[in-house]
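What Swiss-Prot annotates here:
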- Glu12: active site, proton acceptor (ACT_SITE)
- Gly78, Val153, Met174, Glu175: substrate binding site (BINDING)
- Asp198: active site, proton donor (ACT_SITE)
Amino acid sequence: MKIGIIGAMEQEVAILKAAISDITEVNKGGCTFFSGQLNGVDVVLLQSGIGKVAAAVGTSILLSEYQPDVVLNTGSAGGFDSTLNLGDVVISTEVRHHDADVTAFGYEIGQMAGQPAAFKADDKLMAVAEQALAQMEDKHAVRGLICTGDAFVCTAERQEFIRKHFPSVVAVEMEASAIAQACHQFQVPFVVVRAISDVADKESPMSFEEFLPLAAQSSSEMVIKMVALLK
């Protein structure tokens, strides 16, 4: 078993990087790959950079050159579900682009030409995420649709657009749909496990900066437990 783990920012991968033994570092395509062992399992940790293009580039290199059996996407997200608070966890059931629109050609809003409308997370990986969550005392989690776009969602207008077109959305962020699409095209199972750094309708940019470390801690803890369960 080899596990690919993807985070966008240095802050989102730092805890995981510190937990990897016999680590080696490779820089390629503007991305950084850390290989080694985590809980006795072979892992490749990708720090992709922010946004969908950076994530797609990094994930494609990860999948083609390192050939992981599964991919876990970690990091922070903005909460849309009313029950979510800072530091809570979201587990993807599916992932969609919220900033794609080729409806003029008969596709659904958020669906790219030639691609499914939604990228479904792997059932087994979702179950492992649930098992990991059960090991985390008093940690609240929501399962559902995660939406991705190349924008930090902090305006009422954009929030309203996303809620209108994706009413079941539980969280938004800036990389997961690109990662999911790459995994779909390479036929590699994936799941997204992120923690909430800011909540819609609140002071999102301010809370993001303040609570990113909390989100990184929560999501990294989940991933470490998942890796142990996948051993």
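From the backbone N, Cα and C atoms, a Cβ is placed for every residue, glycine too.
Since we're looking at a predicted model, the values are computed, not measured.
Everything Swiss-Prot records as a feature, shown here on the structure.
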residue	record	DSSP class
Glu12	active site, proton acceptor	helix
Gly78	substrate binding site	strand
Val153	substrate binding site	coil
Met174	substrate binding site	coil
Asp198	active site, proton donor	strand
Closest to Asp198 (active site, proton donor): which of the recorded positions Glu12, Gly78, Glu175, going by Cα position?
Gly78
Could you round the CA separation between Gly78 (substrate binding site) and Glu12 (active site, proton acceptor) to a whole angstrom and send it over?
14
Specify the count of other C-beta atoms within 10 Å of the C-beta of Met174 (substrate binding site).
23
Which residues, same chain and not among Gly78, Val153, Met174, Glu175, have a CB within 8 angstroms of the centroid of the CB atoms at the recorded substrate site?
Ala77, Thr148, Gly149, Ala151, Phe152, Val172, Glu173
Starting from the Cβ of Glu175 (substrate binding site), draw a 10 Å sphere and report how many other Cβ atoms land inside it.
31
So how far apart do the substrate binders Gly78, Val153, Met174, Glu175 get, largest Cα to Cα in Å?
13
CB contacts for Asp198 (active site, proton donor) [other CB atoms within 10 A, all chains]:
25
